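Here is what TrEMBL records for this protein:
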type	residues	note
TRANSMEM	A:7-31	transmembrane segment
DOMAIN	A:78-143	domain 'Potassium channel'
CARBOHYD	A:ASN82	N-linked glycosylation site
TRANSMEM	A:122-144	transmembrane segment
TRANSMEM	A:165-189	transmembrane segment
DOMAIN	A:178-256	domain 'Potassium channel'
TRANSMEM	A:201-218	transmembrane segment
TRANSMEM	A:230-250	transmembrane segment
REGION	A:277-316	region 'Disordered'
COMPBIAS	A:306-316	compositional bias 'Polar residues'
2 protein chains.
Amino acid sequence: MHSVGKSWLLLTGFVFFYVIYLLFGALVFSSIERPVEDKLRHDMERLKEEFLNQSCVNAASLELFLNKVLTANKYGVSVLRNSSGRSNWDLASSMFFANTLVTTVGYGHPTPLSDAGKAFSIVYALIGVPFTMLVLTACVQRVMHPLVLAPVTLLQRSGLKPRPATVVHFLLLLIVVVLCFFLAPAAVFSVVEVSWTFLDGIYFCFISLCTIGLGDFVPAARPGQQYRALYQVAVMVYLFLGLMVMYLLLRTLHKMADVHGLTTLLQLPRCEESVLEEDTEPIVSNDPTPPQLKDKAASKPLDPGSQPSYNSINKG
Amino acid sequence: MHSVGKSWLLLTGFVFFYVIYLLFGALVFSSIERPVEDKLRHDMERLKEEFLNQSCVNAASLELFLNKVLTANKYGVSVLRNSSGRSNWDLASSMFFANTLVTTVGYGHPTPLSDAGKAFSIVYALIGVPFTMLVLTACVQRVMHPLVLAPVTLLQRSGLKPRPATVVHFLLLLIVVVLCFFLAPAAVFSVVEVSWTFLDGIYFCFISLCTIGLGDFVPAARPGQQYRALYQVAVMVYLFLGLMVMYLLLRTLHKMADVHGLTTLLQLPRCEESVLEEDTEPIVSNDPTPPQLKDKAASKPLDPGSQPSYNSINKG
């Protein structure tokens, strides 16, 4: 029980540091980008005023004006009147941006304007992307037992053979995921985002949870969006849980392929089983001997070269 | 030697089908999106003409005009005179888009305009993303021996202990990757893309190879780019090789963590060793027994429940 508590404590710690890392990123991005954005926004307002004050608009001046408008727009600064009030780099939006960086979704709305912002993005993602992968992996490991091992065992006990049991389980899991992480959120988005259709919602969910993140649909980008910050936080939670579930689905598929001998057929790396052994195993173990080595030690003589190497570590 | 040839044949087949899949995607995207884009482009040209023919520009008409300009720009159709000639959905650009979809980089320039294009993107990525992962995994497996196992063995033979050998090897690999896949391409991009600085190049390489793909910097997007199609194909090859190398680096890091006992400490899934055994092993094996089972069969009694299940497959 002690080790279970410890393992959950470590996981909670991971998630806590993940949130802290996002908040830290949000603060830095906001402080770097907000002044640059404010200046660009101010410049654009002046430019628009000057354009309107012209006695006559000719093709050349329009071209020049549009060029500047489109460049500013690329950096997320719109010249439209109804969007001139809101910043892309307030705390919630910066946190949303930081989240899309570390999850590799990367919508690209907004993008850093300054060189300092770009350099910080690189450093931030360099640490953040592997850390997010670690947090997601640790989270998926915690839910593998209740969502994969237990249901498959249950199906086997109810009379199904192992191979059909894994297929039935995978299909059931897929249906639940499609319902809860694609159809339901798409319905919500099509209501909350006025200009989105249901297909747009599905498209957004799919493009986001595959981490493609094209950025043609970004939630909370509409001017005058109510409770924007809260909405952005909700989308961040959705993205995290969604990526976790996609990873879970991928591992379940990989395991199913293992059971059906497909990974062996293609000689691809097999899915690890250690996490399935028991949900109650600690993430941090006080015993430095890997469980695989322990299992094998009983049945094989000790290797004279006991220090692990690339060649020997998994062969015990 | 026969099996080696077979394994390379299968890998070549994978890469061949990958290219065919990209070409197929390019053809479909181009045929769906090009007419929609042409219509939007034509509409925008007419709109611009009408705007210029107005006797006097007022704030309201400018607002309406800019709204339409920015919406069209979101879909990759620019009203600027120097970019009105080129399409985002010619064959090379469509292939580039298909490539950013299946690699999950997803710059988002361009994005599908029509509902048919969005629906096809979902289906295309649904098959393409796992297939690309498979091709990348198979490619990385083929280079693991010459780039990871052989150099580490060499370092060990030259007197280094296994743990320091893995660290030295990882650092050397990291330096080579940074030089060949970040610094050198960044230098090339900063020359070819007139408006990019060297930092922009580094930022583009990093954001792309982490599959974040913000899309604020997209190669070959400049109007009047020479040899655009060839350049786009070169970037696609760079992206593929770069992603392969990033995956290789990640696996090497994972293996190093294994050797140092870090994955055991955090009880994370360990990196597979099977691919490191010998580069000469076939991808397709005629013998259906997994190598792990073969190893263990000699030292452990046969399990009475011989059919593999989630609980038993890796425990032999």
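Cβ coordinates come from backbone N, Cα and C, glycine included.
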C-beta crowding around A:ASN82 (N-linked glycosylation site), within 10 angstroms: 12
Counts by DSSP class (helix H/G/I, strand E/B, coil) across the domain 'Potassium channel' (A:78-143): 44 helix, 0 strand, 22 coil
Long-range Cβ neighbours of the transmembrane segment (A:165-189) (under 8 Å; 6 or more residues past either end): 147-148, 151-152, 155-156, 196, 198, 200-202, 204-206, 209, 219, 238, 241-242, 245-246, 248-249, 252-253, 255-256, 259-260
Positions whose Cβ lies under 8 angstroms from the transmembrane segment (A:201-218), at least six residues beyond its ends: 100, 103-109, 181-183, 185-190, 193, 239, 242-243, 245-246
